[in-house]
Amino acid sequence: MTEAQPILEVKNLKQYFKVSRKFTVKAVDGISFKIMPGQTYGLVGESGSGKSTTGRSIIRLYKPTDGEVIFNGKNISGKMSKEELKLLRTKMQMIFQDPMACLNPRRKVMDIIAEGLDIHHEYSSQAEREQKVYDMLELVGLSKEHANRYPHQFSGGQRQRIGIARALVMRPELVIADEAISALDVSIQAQVVNLMKKIQKKTNTAYLFIAHDLSMVKYISDHIGVLHLGHLVETGTTDEIFNNPIHPYTKSLLSAIPEPNPRVEKYRKSASYDYKTSGIDYHKGTEHLVDGTHYVLATDEEFKEWTKK
Amino acid sequence: MTEMQALQEMKFQPKDFEFAHESQELEKDEVMPARSAWKDSVSLFARNKGAVIGIVCIALITIFAIVAPMLSDWKYDAIDTSLQNIAPGAQHWFGTDNYGRDLWVRLWQGTRISLFVAVAAIFIDVVIGVTYGMISGYFGGKVDSVMQRIQEVINSIPTLVILTILLMVMKSSLFTIILALSFTEWIGMSRITRAQVLKTKEEEFVLASRTLGAGSFFIIFKEILPNIYSQMIIMVMMSIPNAIFYEAYLSFVGLGLPIPEASLGTLINDGFNTLTIYPFQMIIPVVVFSILMLSFNLVGDGLRDALDPTMKEM
């Protein structure tokens, strides 16, 4: 149907964690979505909804329980061949949540950024390695003098830039940003998000942007998926989700966004949503097409009721 | 109500806002000298006075331990009953003991053995302890369970029992002592290492390394090991005096060195018997022993600080 091949296609991904013999945590329970090259897919949801787990399953920090992850036309959810593993480890990268914890405090910035190059031997001389690192530092708005420092000598925003440089030095086609800006203060968030957008324009990298800050997701994403309790309750383009939310959980999330205008904010009412009392069972729901690429998880009756108004 | 409606209708135009920080790049700041991490550590170590004093003392004591017995006219095991318990003087610099053996030579001969035991202890700690703890902590799961149980079993057998059994098979010698040490000496070290590895391997920078495709070898040596140096160094430094005392204790119960041999531990023990009459026989080895211990600890502290990049600005 679509002309372009999606860079990433997730089909019915499940990630369970066996806590004990009787108890299994279903962190991600059958979600499906696609990411097109050069686009940003925002994954939102509350704490514990399985956002980070999804990202980590896709990049194979965990072994998915079930489902398929197709990256660049290759299935990477099962056992991988050497080439597939190398493709995954070079062309898919991750930016981490905590800029304080994601850089090894005992290594210099130069070595941190060049780590991927070192592992995959992607340079022929020391000068080339250095040049690649310097280029990356420049791309993320740091100077090459910073290469000889240790992470603790940088501020949070600068460290996150180093984290981004480490991911981008491999020239990835997909970057998973796992709450990449949540730990930064608001003024720095803008810095980093704008940097990420700028880089996307330059390199045509696709992003899977995991966040809980809806206004930031709206700003950066082309498509949005709303995740709740391991289920993707609604997905569509940013406009579709923000202008025509169908699922009560999405509505509740959107109503919680603060208004910048204080006089309007005063009258903003946030809709509350409680899964237990709402009578909705995610397991019974199936995907319903609203229009375009806008899907919602609902049973037939629920779907009729929600779209009535 | 009309006011409310007016407010609702008030909308922001795109030009009301401008991007924060878009034009302003991060300011460039002054250049830090580009030096290798190794050179950084050496210069940091050299600036630490205590550590330098410590390493000089260790070097001096080592040199004396090697050279002094060779250059002296006296033999460490030559018994001459006509020369019993002479006070320190021009002939015998540190005096003689109960059997008329020259204490200057015996002291350095003993230091030799004690240093050897210390080095062996470090070696056992690092090679067996660290490796064991690393594997156990890093791979976790069943490997960890099995390795921990084995370690508990080994740890639960009293060392003295192991040693007594060993001595039935082997002669009492330095080698036997080191063999005995290597049965249990590493356990503390492996525990500390395992705990540190368990903690460090969950850090985000290790995950980041994994998403870049790093193998276990790379992660262990490049990511985890540099972050647990300090705890390991402290542990090693603590185990050195332990090992030296342990050797002395073995000699005391008659399982250690064979009789004419000397170590700092046996010298202190022998001197202790005549402390009230000839105090010099004990005080001199105690002083050397203390200086040695102090130096090891100073060097250990210095090493720990030198390997920690967060100390570099100071």
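Note: Cβ is positioned from N, Cα and C throughout, glycine not excepted.
Just so you know, TrEMBL annotations are computer predictions that nobody has curated.
What you see is a predicted model, and the numbers here were worked out from it, not measured in a lab.
Under the heading domain 'ABC transmembrane type-1', TrEMBL lists B:111-300.
The feature transmembrane segment is assigned by TrEMBL to B:51-71 (among others). Beyond its flanks by at least six residues, the transmembrane segment (B:51-71) meets 45, 104-105, 108-109, 111-112, 115, 288, 291-292, 294-299, 301-303, 305-306 of its own chain at Cβ-Cβ distances under 8 Å.
Residues annotated as transmembrane segment in TrEMBL: B:113-139 (among others).
Positions annotated as transmembrane segment by TrEMBL: B:160-184 (among others).
Among the features that TrEMBL reports, transmembrane segment is placed at B:233-257 (among others). A Cβ distance under 8 Å defines the sequence-distant neighbours of the transmembrane segment (B:233-257), meaning residues of its chain 6+ beyond its ends; these are 113-114, 117-118, 120-122, 125-126, 160, 163-164, 167, 172-174, 177, 180-181, 185, 188-189, 192, 263-266, 268-269, 289, 293, 296-297, 299-301, 303-304, 307.
Residues of the same chain lying 6 or more positions beyond the ends of the transmembrane segment (B:277-299) and with a Cβ under 8 Å from any Cβ of it are 50-51, 53-55, 57-58, 61, 85, 87-88, 94-95, 97, 103, 107, 110-111, 114-115, 118, 237, 240-241, 244, 264, 267-268, 270-271. Marked as transmembrane segment by TrEMBL: B:277-299 (among others).
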